[in-house]
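Residues or ranges marked as compositional bias 'Pro residues' by Swiss-Prot: 12-30. If you look up Swiss-Prot, you'll see 282-428, 516-568, 585-594 marked as compositional bias 'Basic and acidic residues'. Swiss-Prot lists 616-625 with the feature compositional bias 'Low complexity'. The compositional bias 'Polar residues' annotation in Swiss-Prot covers 669-678. Marked as SUMO2 cross-link by Swiss-Prot on the basis of similarity to another entry: Lys260, Lys272, Lys425, Lys573, Lys666, Lys683, Lys692, Lys717. What Swiss-Prot lists as domain 'RRM' is 87-164, and the listing cites sequence analysis. Swiss-Prot lists 745-838 with the feature domain 'PWI'. Under the heading N6-acetyllysine, Swiss-Prot lists Lys135. The phosphoserine annotation in Swiss-Prot covers Ser225, Ser228, Ser578, Ser672, Ser678, Ser698. Per Swiss-Prot, the feature region 'Disordered' maps to 1-30, 173-201, 220-242, 282-437, 493-683. Marked as region 'Necessary for nuclear speckle localization' by Swiss-Prot: 284-639.
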Amino acid sequence: MSFPPHLNRPPMGIPALPPGIPPPQFPGFPPPVPPGTPMIPVPMSIMAPAPTVLVPTVSMVGKHLGARKDHPGLKLKENDENCGPTTTVFVGNISEKASDMLIRQLLAKCGLVLSWKRVQGASGKLQAFGFCEYKEPESTLRALRLLHDLQIGEKKLLVKVDAKTKAQLDEWKAKKKANGNARPETVTNDDEEALDEETKRRDQMIKGAIEVLIREYSSELNAPSQESDSHPRKKKKEKKEDIFRRFPVAPLIPYPLITKEDINAIEMEEDKRDLISREISKFRDTHKKLEEEKGKKEKERQEIEKERRERERERERERERREREREREREREREKEKERERERERDRDRDRTKERDRDRERDRDRDRERSSDRNKDRSRSREKSRDREREREREREREREREREREREREREREREREREKDKKRDREEDEEDAYERRKLERKLREKEAAYQERLKNWEIRERKKTREYEKEAEREEERRREMAKEAKRLKEFLEDYDDDRDDPKYYRGSALQKRLRDREKEMEADERDRKREKEELEEIRQRLLAEGHPDPDAELQRMEQEAERRRQPQIKQEPESEEEEEEKQEKEEKREEPVEEEEEPEQKPCLKPTLRPISSAPSVSSASGNATPNTPGDESPCGIIIPHENSPDQQQPEEHRPKIGLSLKLGASNSPGQPNSVKRKKLPVDSVFNKFEDEDSDDVPRKRKLVPLDYGEDDKNATKGTVNTEEKRKHIKSLIEKIPTAKPELFAYPLDWSIVDSILMERRIRPWINKKIIEYIGEEEATLVDFVCSKVMAHSSPQSILDDVAMVLDEEAEVFIVKMWRLLIYETEAKKIGLVK
């Protein structure tokens, strides 16, 4: 077992004692004992931050085990008994200057270490404590004796065990003691003392090795900062460690520690005893959790290692398979080579057989010839020598053939060597290719992750934008509701105070005749006012002429009136003008009248120059044109003097056509015969002026009202009929829209005339609307989705099926979108049926 990290820190609230001052004593605890005495930890709540207050253990003396050399069978049994349970030792107060390798070697001097665990902090720095697991309890006892309070650098090492480990050590020592009691009574105290001497001798030997190890690390321990161990120094330490390992290890007598019963036997307060028990239980639980977490991490590491080994084995099997294939290929090559060798050997055998046959034949020939002449002996001897020479030549040829064969064999061996090199190179290339593929896959994964993060970011931006839009829409809707409530309140008050007799003439119109009669009355009143004003002006002119000393003011006024009438009369043409001259003249008049129209304000409605009519002739009721307003005064006077207004285009007359006296009055006869021609001549320039600015101002200002011609007749009737038709059409459209249901069930159940839904209607009305709504909902154009919705509509699909398909893309906006689209479809089909649209 191991101690949790929180037991390695000083308790909060208790100040540290100065060096050299012993810690305070608590009731029920004896004073501190010399170093080397086995100790147990005191709980944190009663422990000072100075050297830890420890309780001395109760010595338990067991009987000696006898001479081991006289009982070899007993020696094996003793070795089995020494291998007790694994025990964990808490090592604390480790100096920062002491390297982890030094602590490992110190722990290894005391016995076989199964594991050494030292916690790393958040910064990666090793903590000042750790947990060492020994294979045998004997090693644990030796570590407690030799390493506790060992001076390392500026600190003393702290070595402890917990209560559970103490219980295991007590059990192990009890077994050892029982084995000692079961031995014969012939065992003497001298043997036990010799065994104690052996243990002390071994402890002294290990202690000397520890001192040598500390002297070896003295440069690091005395250095101002911790330095990492160099590679040569590690080799030197390992050599010295091997030297000390070669010494024989003597068995260690069990040294019992204090048990839980001993703690209960100590005189102390009840709450402190309970606190100690709780601290021990908490320590066990914490260590158990740490062990479970470490076990999980170890399992994960083993799984990863297992997968890595599986991949290595798979790669190794692949290499072995390729090697076996190459080996089989080489084996086939060797078999072929052996077959060729056997074939050559058979050829040689055949050659030798033929040679022997020839030799025998020659021998027979020689035998036959031997009985012939001696003269032939020489020839035979020469033949024989030639045969021997040929035989030697054949032998040399065979030797050369064998040499060539050996050369070919060496060449094949070199070829096999090159093949092996190629295989190794191919393996390296495959490994590099695997590494490249792995890096490529990792890069793709990173790119996918980056793309996902980018899409996520865009989606979040769009969602935030939509949220803001929804909030603004909610605010606008709330504002509209407030306005409607305010308007309803105003209308309620208005209707409560409404009086039909008093307010109907103000808010309702009668027939056209009544309207024109009222306009005529107003016009007559305006004419009367104009006559009065003209008389006043004439009187003013006469007074001015008298003030200037004119002899005959009346004659002067008459002369001015005649001059104005003469200017109004058309000139007599000597010869007809050509069409080009007429066009030039018309363009000049247009240019002359354009500044007049440009000076008018945009809000003023265009009107034609009023026609000069004699006051004596009473106009008909229908003479009030649509352009005439009740506020427009008449321009005639009894004497024929016309007073121009600010809307009159005759204000732009040249200076020479005005009276010399400087008055802004225009004189003229009331019954001028050339007046209709002048009106006809000026109709076209005025229309052209308005047509010129109509296109430019159509986007910025409202369209100007169409001018009504002065010649009232069929045109007036048609205009009135057109106005009525427009009003009726607007009423039809409004009633049609009101008839279309707004609730989804009634809207989807509305019968739709699919025969009217054609490609022309789809392209002109439905598709642009769908595209605009998709851009509004998604934020970008989505041609595929638009085509899909249009195809579903052209396929006469039900609105619910289209809603189900579109809901996967538009989510909660899908229902609103389909409801609006279906209302548009119903409106277009119904409007086309009744002729509202073409």
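Cβ atoms are placed via backbone N, Cα and C, with glycine included.
Small disclaimer: the values here were computed from a predicted structure and weren't measured.
Counted within 10 Å of its Cβ, the other Cβ atoms near Lys272 (SUMO2 cross-link) come to 18, all protein chains included. In the three-state DSSP reading, Lys425 (SUMO2 cross-link) counts as helix. With respect to Cβ neighbours within 10 Å, the recorded positions Lys135, Lys425 differ, and Lys425 shows the lowest count. The DSSP secondary structure for Lys135 (N6-acetyllysine) is coil. Mapped onto DSSP classes, the domain 'PWI' (745-838) shows 71 helix, 0 strand, 23 coil. Lys425 (SUMO2 cross-link) sits 47 Å from Lys135 (N6-acetyllysine), counting Cα to Cα. It is 34 Å from the Cα atom of Lys272 (SUMO2 cross-link) to that of Lys135 (N6-acetyllysine). Using DSSP to sort the residues of the compositional bias 'Basic and acidic residues' (516-568) gives these counts of helix, strand and coil: 49 helix, 0 strand, 4 coil. Per-residue pLDDT, averaged over the domain 'RRM' (87-164), rounds to 88.
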